[in-house]
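Asker: Please find one structure pasted underneath; my questions will follow.
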Amino acid sequence: MEKDCQDIQQLDSEENDHQLSGDDEHGSHVQDPRIENPHWKGQPLSRPFPQRLCSTFRLSLLALAFNILLLVVICVVSSQSIQLQEEFRTLKETFSNFSSSTLMEFGALDTLGGSTNAILTSWLAQLEEKQQQLKADHSTLLFHLKHFPMDLRTLTCQLAYFQSNGTECCPVNWVEFGGSCYWFSRDGLTWAEADQYCQLENAHLLVINSREEQDFVVKHRSQFHIWIGLTDRDGSWKWVDGTDYRSNYRNWAFTQPDNWQGHEQGGGEDCAEILSDGHWNDNFCQQVNRWVCEKRRNITH
């Protein structure tokens with residue numbers, strides 16, 4: 001195509017040369033203004049038609065080539081865009097499926113976790129209940145083990161008492177200690193009434209001979225004042241069984257005995273009692289207190 005344009009331009013040049021030579025031969029008076037006046041500013045001479053045609057054809061070819069190239073680029077970009085859209089759609093579906101699957105798994109784990117927590121809570125509650133029950137059973141067992149020797153001794157003593165018709169061991173509901181039997185009342189009497197009650201049981205009001213006996217009585221008498229077999233009605237303190245007062249064990253509270261005279265009934269304090277703290281006190285004999293009877297354990301062979 002370019003060669004054709006060159007041929008056309010060559011033919012056009014030859015034709016121009018021929019015309020110029022013809023003009024010279026005929027002595028034409030037509031002069032080229034550009035030759036006569038080098039400063040001529042008129043319109044440029046128009047290019048011949050074949051040259052203009054060749055330039056337009058080149059531009060058309062360039063435009064066509066550019067359009068083809070642009071079309072190819074558009075096709076390539078469109079193809080890649082479609083491929084990217086397809087890949088994005090596939091990726092989106094994959095991510096959506098993954099998200100749904102993950103959410104389902106999390107939901108299953110949450111449900112399983114809730115069930116597990118409920119089961120663990122139930123087990124912990126049952127375990128705590130069993131633990132409390134075991135503690136209670138353990139405390140009960142310790143209590144029975146602690147009192148088992150005493151209970152066994154009491155049962156053995158009661159059995160021996162019945163077998164020997166009351167000639168051996170302590171009577172029923174009496175407690176043995178140090179070779180003596182003790183009975184602790186559950187109601188109250190005056191000192192004289194309590195002393196008479198003990199005599200009817202072939203016993204006497206409590207006579208304390210040692211610190212050990214004092215501790216034993218305090219341990220079993222609860223938190224009540226109790227009468228003991230000690231009185232000074234005749235002006236001096238004496239034990240009801242004849243035990244010597246001066247040489248025997250004593251546990252008076254501070255400032256006691258004081259023979260206080262302020263009772264409404266009149267008279268002083270001539271009868272001894274054990275206070276709630278274990279110390280002794282002289283009190284008005286008509287006061288109503290609990291009491292303890294004591295007698296020697298009978299042993300016959």
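The chain as shown is numbered from 1 upward.
Backbone N, Cα and C define each Cβ position, glycine as well.
Keep in mind the model is a prediction, meaning the values are calculated, not measured.
Quick paste from Swiss-Prot:
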- 1-43: region 'Disordered' (REGION)
- 1-58: topological domain 'Cytoplasmic' (TOPO_DOM)
- S13: phosphoserine (MOD_RES)
- 16-39: compositional bias 'Basic and acidic residues' (COMPBIAS)
- C54: S-palmitoyl cysteine (LIPID)
- 80-301: topological domain 'Extracellular' (TOPO_DOM)
- N97: N-linked glycosylation site (CARBOHYD)
- N165: N-linked glycosylation site (CARBOHYD)
- 169-295: domain 'C-type lectin' (DOMAIN)
- C170-C181: disulfide bond (DISULFID)
- C198-C293: disulfide bond (DISULFID)
- C271-C285: disulfide bond (DISULFID)
- N298: N-linked glycosylation site (CARBOHYD)
Asker: Quick one, of the disulfide-bonded residues C170, C271, C285, which Cβ has the fewest other Cβ within 10 Å?
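Answerer: Each of the disulfide-bonded residues C170, C271, C285 was scored; lowest Cβ tally within 10 Å is C285.
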Asker: If you average per-residue pLDDT over the topological domain 'Cytoplasmic' (1-58), what number do you get?
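Answerer: Average per-residue pLDDT within the topological domain 'Cytoplasmic' (1-58): 52.
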Asker: Nearest to C271 (disulfide bond) by Cα, among N97, C170, C181, C293 (recorded positions)?
Answerer: C293
Asker: Can you give me the Cα-Cα distance between N97 (N-linked glycosylation site) and C293 (disulfide bond) in Å, rounded to a whole number?
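Answerer: Per the Cα atoms, N97 (N-linked glycosylation site) and C293 (disulfide bond) stand 93 Å apart.
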Asker: Under 8 Å Cβ-Cβ from C198 (disulfide bond), six or more apart in the same chain: what's there?
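Answerer: Result: H204, L205, G229, W291, C293, E294.
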Asker: Can you count the other CB atoms that lie within 10 A of the CB of N97 (N-linked glycosylation site)?
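Answerer: A 10 Å sphere around the Cβ of N97 (N-linked glycosylation site) contains 10 other Cβ atoms.
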Asker: If you draw a 10 Å sphere around the Cβ of C181 (disulfide bond), how many other Cβ atoms fall inside it, taking every protein chain shown into account?
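Answerer: C181 (disulfide bond) is surrounded by 22 other Cβ atoms within 10 Å.
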Asker: If one measures from the C-alpha of C285 (disulfide bond) to the C-alpha of C181 (disulfide bond), what distance in angstrom results, rounded to a whole number?
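Answerer: For C285 (disulfide bond) versus C181 (disulfide bond), the Cα atoms are 25 Å apart.
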Asker: Around the C-beta of C293 (disulfide bond), how many further C-beta atoms are within 10 angstroms, looking at every protein chain?
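Answerer: A count of 23.
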